[in-house]
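Heads up: the structure comes next, in structure tokens.
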There are 2 protein chains.
Amino acid sequence: MSKLTDVPKRILIGRALRSDKLGETLLPKRIALPVFASDPLSSVAYAPGEVLLVLSIAGVSAYHFSPWIALAVVVLMFTVVASYRQNVHAYPSGGGDYEVANTNLGPKAGLTVASALLVDYVLTVAVSISSGIENLGSAVPFVVEHKVLCAVAVIVLLTVLNLRGMKESGKLFAIPTYVFVVGVFIMLAWGAYRAVTGDDLNAPTADLQIKPEHPGLAGFALVFLLLRAFSSGCAALTGVEAISNGVPAFRKPKSKNAATTLALMGGLAVVMFCGIIALAMESGVRMAENPAVDLVRDGVPVGDSYVQNPVISQVAAAVFGQGTFFFVLLAAATALVLFLAANTAYNGFPLLGSILAQDRWLPRQLHTRGDRLAFSNGIVLLAGAAILLVVIYGADSTKLIQLYIVGVFVSFTLSQIGMVRHWNRHLKTERKPAERRRMIRSRAINAFGASFTGLVLVVVLATKFTHGAWVALLGMVIFYGTMTAIRKHYDRVAEEIAAADGPSDDSLRPSRVHSIVLVSKVHKPTLRALAYAKLMRSDRLEALSISVDPAETKALREEWERRNINVPLKILDSPYREITRPIIEYVKGLRRESPRDVVSVYIPEYVVGHWYEHLLHNQSALRLKGRLLFTPGVMVTSVPYQLESSEAAKRRAKKRANWNAPGAVRRGPVDRRPRESSKS
Amino acid sequence: MSKLTDVPKRILIGRALRSDKLGETLLPKRIALPVFASDPLSSVAYAPGEVLLVLSIAGVSAYHFSPWIALAVVVLMFTVVASYRQNVHAYPSGGGDYEVANTNLGPKAGLTVASALLVDYVLTVAVSISSGIENLGSAVPFVVEHKVLCAVAVIVLLTVLNLRGMKESGKLFAIPTYVFVVGVFIMLAWGAYRAVTGDDLNAPTADLQIKPEHPGLAGFALVFLLLRAFSSGCAALTGVEAISNGVPAFRKPKSKNAATTLALMGGLAVVMFCGIIALAMESGVRMAENPAVDLVRDGVPVGDSYVQNPVISQVAAAVFGQGTFFFVLLAAATALVLFLAANTAYNGFPLLGSILAQDRWLPRQLHTRGDRLAFSNGIVLLAGAAILLVVIYGADSTKLIQLYIVGVFVSFTLSQIGMVRHWNRHLKTERKPAERRRMIRSRAINAFGASFTGLVLVVVLATKFTHGAWVALLGMVIFYGTMTAIRKHYDRVAEEIAAADGPSDDSLRPSRVHSIVLVSKVHKPTLRALAYAKLMRSDRLEALSISVDPAETKALREEWERRNINVPLKILDSPYREITRPIIEYVKGLRRESPRDVVSVYIPEYVVGHWYEHLLHNQSALRLKGRLLFTPGVMVTSVPYQLESSEAAKRRAKKRANWNAPGAVRRGPVDRRPRESSKS
């Protein structure tokens with residue numbers, strides 16, 4: 001008896017061990033920063049270039065607007081960081097934008113945010129990998145020459161690593177991120193020192209001229225162009241919201257540490273962004289939207305063979321010199337951080353999926369934490385969509401960024417509006433003046449954040465719609481529609497299967513059981529099935545065999561008699577050598593005869609160890625089972641017989657149990673509340 | 001009671017009706033000829049050209065050997081037809097080459113023949129389709145310009161038709177085959193008339209010169225070339241063995257009718273083959289192995305853009321004129337007959353598969369006649385292999401034919417050797433002088449056939465090995481190896497599961513049953529599963545739920561009490577939101593506690609109507625079941641709950657039941673012997 005009561009305890013201990021194995025330890029700030037900030041910090045590798053690129057449309061003279069645009073981006077960054085610091089304090093459970101919008105604005109807003117985030121994850125992979133390849137390519141030309149191929153290869157590699165359950169380790173993130181950040185800061189400092197001491201900084205493109213597509217732009221057209229440049233610069237803000245999902249992963253005091261990390265990240269991003277733009281201006285970087293025709297060397301366009309390197313690498317070339325150790329190190333670190341940023345999407349996508357599944361917007365099995373198959377499906381879907389985009393857009397980060405920003409600002413805006421509602425609700429009941437003051441201040445920050453990000457969203461939509469934002473919107477609509485349809489299906493089924501109140505439901509009350517054991521030969525699996533079926537003491541028990549070969553049938557009948565098996569053996573003929581049809585007809589016949597009886601069919605099943613063995617066994621049984629389930633009043637029992645080879649599968653299953661669900665580190669440890677309710 | 005005993009009768013009547021529906025009526029000779037002869041007769045569309053092609057290597061002067069080669073092919077054709085007439089008489093059950101070799105020479109010879117036939121079926125598709133495209137292309141140039149694409153498209157079309165269960169109808173075969181045969185005879189007659197009356201027949205290539213690759217070939221080299229040309233001409237013999245598989249489909253007297261049809265087919269083939277070669281010589285057809293460089297017009301090679309049309313179309317152009325009605329009609333009929341020839345492989349491949357499955361060389365489920373899924377797998381495998389070959393060899397029938405002939409002659413030779421053994425065995429017991437004389441004569445024919453085809457096999461291997469025959473041999477080795485491995489696996493499993501003699505086998509004798517009903521919510525499927533489980537009267541019954549969400553668990557517990565369900569409810573906590581692991585651990589715990597008990601797990605299952613609904617339901621249940629089966633002493637019962645949408649699937653299943661297995665016509669009606677043994 002003690003053994004049985006031990007079971008739950010053993011399970012708990014087993015779990016406790018697993019909990020360690022999963023590496024679900026809390027993150028100190030110095031590790032949390034790289035884990036959560038690789039995505040937003042890596043944006044500075046492409047955002048500054050996008051600003052210059054758009055400005056170049058009005059000619060190189062428009063470059064002097066870039067400090068103002070940088071300033072606008074900085075203000076926006078501070079606003080967003082300040083807003084999300086409120087989120088972090090209000091939702092220490094790690095409710096991301098989806099939860100905030102869902103709770104405060106209702107399920108439609110929540111679903112909109114979720115759709116935007118799902119599209120964003122796909123684009124995070126596509127943009128980060130493409131930009132990573134471009135940065136790597138500034139040091140290794142081969143990579144840019146085979147851009148699409150290399151980008152797809154990196155996506156496939158990340159996918160395989162994540163499918164195999166690569167453990168997301170804090171250290172793995174820390175080293176490249178810090179190398180990147182420190183490298184950029186050394187570059188900025190050294191570049192500033194050289195500039196101040198009168199050294200001439202010369203970017204590789206400093207001797208090029210820009211042929212403006214629209215020279216002498218003025219008035220509304222110029223304002224529109226500046227807004228477009230600003231929208232492009234907003235790419236620097238992608239990924240800022242990640243920390244708000246990860247509060248539980250922080251050490252205590254969780255909210256405070258998360259808020260501090262958020263501020264730190266914002267500060268670093270702003271300095272890097274502005275510094276790179278400043279050095280780019282100083283060193284005379286020239287970028288154009290269509291470099292082949294718009295960049296001119298000595299009066300001749302540079303042509304299709306020209307590769308436009310990212311701003312960060314051009315600045316590094318100006319400061320350190322092309323091909324020097326520091327130049328190559330920075331290019332490698334930049335690429336690596338961008339790949340890590342892409343990897344965060346691999347963790348975030350299935351995680352968001354599991355939260356959506358909990359609310360029945362996605363298939364229910366995605367909800368199960370650590371379910372390998374569900375995660376795999378999510379990962380493969382993400383990778384497939386990202387590869388599609390990379391191939392369609394030729395791994396061109398500039399083109400992909402047009403799609404990227406709209407989703408980010410949809411979730412920013414809705415999340416901030418939700419926060420305003422959150423404070424309104426709390427202010428209704430809160431009476432303590434100090435608390436009220438704090439809430440009113442938070443509400444003001446969130447309200448400002450909502451208006452500002454909302455404004456940016458409008459700007460982004462207006463300036464980017466035809467450039468590709470419509471694709472992102474279409475993606476959102478598809479996700480939204482699919483999830484709505486899934487939820488509707490679940491709701492309809494839930495209604496259909498809801499149990500009527502009161503204890504009596506006649507159609508569910510069968511009277512007797514007629515058991516049938518399917519037999520092909522007398523061997524161990526059959527004997528086991530017979531033994532089990534006998535144990536169940538049904539009202540009637542018979543063995544059933546389908547005769548497809550008269551010789552085999554005769555042998556079966558003789559063996560049956562020889563062994564004196566005290567179960568009647570019924571044989572159905574099947575001249576067409578069919579198995580399924582005669583059995584189904586027979587069962588239907590039994591049901592017609594006594595509709596209140598239940599027919600219980602026992603199928604001996606071979607349990608094998610390799611996938612190819614499945615092709616050799618149980619195929620008829622599986623198909624039969626599939627058909628029997630459609631017949632009302634039937635239950636189907638599989639009596640397994642473990643072949644020796646099944647040991648191999650058991651070992652595999654054990655190995656699989658050690659699999660790490662992606663995103664474990666950033667999600668923090670398991671919520672242990674449910675365990676307290678444990679009483680059986 | 002009468003209702004129950006009616007069931008078998010109703011099944012029989014149902015079957016009788018189906019039998020009609022399958023169209024399994026016996027074939028008169030005039031329909032049997034096209035059904036079985038589309039493959040061998042269509043060979044005359046490519047075989048004559050192959051002879052000329054090889055001869056051209058020694059220059060146009062070597063063309064004068066072609067009548068001798070044609071003669072050798074004719075002698076071989078008569079030999080093979082005479083030999084197979086003996087097979088048809090000796091094996092009226094329709095035992096093909098596989099059965100003959102298997103019975104008389106043992107399983108290894110049988111398996112060798114089977115491997116050769118499987119490879120042959122793949123090549124029948126590849127060669128016939130490629131040649132069909134080339135013939136069609138002589139009238140519609142677009143088709144040759146996109147040769148591979150068109151060939152793949154036709155293969156895909158045939159595959160889809162066969163997967164959908166296209167009924168093989170005698171008439172479908174009859175019309176194009178007779179149009180083709182009559183067309184060729186009109187061409188031969190009209191051509192002969194024009195030649196005799198002194199009209200000049202001019203093939204489109206008559207004005208070309210051939211630049212011989214090896215001019216002035218003599219001695220052994222010339223003999224080798226002639227042997228190679230003869231080997232190529234042997235392509236005319238492919239498909240001759242088909243009738244020997246189809247004897248049961250003939251009207252009575254089956255063997256006699258089949259033998260007559262065989263002779264008729266041989267006669268037609270020989271006349272067409274020789275006639276086409278004769279007219280080709282008369283009209284000055286020029287063909288070369290590498291037409292681009294070896295065919296010369298006014299001293300200049302014709303170049304890569306030159307399309308070498310098949311001999312039959314060149315002769316038609318000479319006789320009727322290029323582009324005339326008769327020319328186009330014949331080209332279309334030729335292409336159609338070739339496509340029909342390819343289709344015979346779609347019928348033969350799964351049929352042979354089912355015979356091999358009966359002997360456990362292939363997965364057992366292939367054995368079930370009319371099993372749609374098994375047929376589908378075979379058809380897809382066949383089509384995939386054929387497409388692969390067509391793509392690799394650029395849909396070039398000349399290259400593919402190099403692979404084709406070796407398999408044909410492997411089965412010819414082994415089958416004829418088997419027949420010699422067959423007669424030897426029968427002669428040992430036969431005492432009647434008349435019978436003995438007949439047998440001795442048959443043996444002589446088969447012995448001659450065996451030596452001749454064996455000789456040809458050696459010639460084919462010697463002359464074609466490096467030209468592609470090695471690929472066919474490799475394919476045969478792969479099939480042979482795979483089938484041997486499958487058989488070994490089945491034998492090993494059979495040994496493992498063989499029941500020990502005597503009635504006692506302790507490990508199979510459990511003592512009590514502990515039943516567990518898995519519960520997530522209280523709804524109709526759960527209530528039904530509980531009701532069914534209660535009916536089974538196990539020794540212990542409890543409901544088991546996994547708590548992944550404390551709120552839901554609380555609601556479940558309250559509902560359970562409110563409804564007064566008299567089954568104890570056990571709740572296991574799962575802080576990681578896992579489903580499978582806690583249940584497996586719990587079941588294992590029960591088993592450890594009382595190892596002689598059996599645990600019976602009831603899983604409520606939703607039965608849905610669309611594949612995408614499967615993604616939304618039962619996923620956890622399926623995975624759980626997969627894992628439970630590995631735990632010894634467990635049986636798993638699915639209690640289905642049919643959702644309304646499952647009606648759609650039911651309708652689909654009914655539609656599918658009307659599906660016609662390919663090959664029904666040529667296989668003849670079902671063997672009704674088993675039905676007579678019907679007693680239950």
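The backbone N, Cα and C atoms fix where each Cβ goes, and this holds for glycine too.
Listed in TrEMBL for this protein:
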- A:65-84: transmembrane segment (TRANSMEM)
- A:111-133: transmembrane segment (TRANSMEM)
- A:139-161: transmembrane segment (TRANSMEM)
- A:173-196: transmembrane segment (TRANSMEM)
- A:216-240: transmembrane segment (TRANSMEM)
- A:261-281: transmembrane segment (TRANSMEM)
- A:325-352: transmembrane segment (TRANSMEM)
- A:373-395: transmembrane segment (TRANSMEM)
- A:401-423: transmembrane segment (TRANSMEM)
- A:444-462: transmembrane segment (TRANSMEM)
- A:468-486: transmembrane segment (TRANSMEM)
- A:652-680: region 'Disordered' (REGION)
- A:668-680: compositional bias 'Basic and acidic residues' (COMPBIAS)
Criterion met for the transmembrane segment (A:111-133) and the transmembrane segment (A:65-84) (at least three Cβ pairs under 8 Å): no
Recorded stretches the transmembrane segment (A:325-352) and the transmembrane segment (A:373-395) touching, at least 3 CB pairs under 8 Å: yes
Chain residues in Cβ proximity to the transmembrane segment (A:373-395) (below 8 Å; excluding those fewer than six residues from its ends, i.e. six or more beyond): 121-123, 125-126, 129-130, 133, 147-148, 150-152, 155-156, 158-159, 162-163, 345-346, 349-350, 353-354, 357, 363, 365-367, 403, 661-662
Folded-back contacts onto the transmembrane segment (A:216-240), same chain, C-beta under 8 angstroms, at least six residues removed: 37, 39-40, 42-44, 46-48, 50-51, 53-55, 57-59, 62, 65-66, 68-70, 72-73, 76-77, 80-81, 84, 120, 124, 127, 262, 265-266, 269, 273, 341, 344, 401, 404-405, 408-409, 412, 456, 459-460, 462-464
Winner by Cβ pairs under 8 Å against the transmembrane segment (A:444-462), considering only A:173-196, A:261-281, A:401-423: A:401-423
Interface-richest range of A:65-84, A:173-196, A:468-486 toward the transmembrane segment (A:261-281), CB pairs under 8 Å: A:65-84
Within-chain partners of the transmembrane segment (A:65-84) [C-beta distance under 8 Å, separation at least 6 from its ends]: 47-48, 51-52, 55, 226, 229-230, 233-234, 236-237, 240-241, 243-244, 262-263, 265-266, 269-270, 273-274, 277-278, 280-281, 412, 416, 419, 445-446, 448-450, 452-453, 456
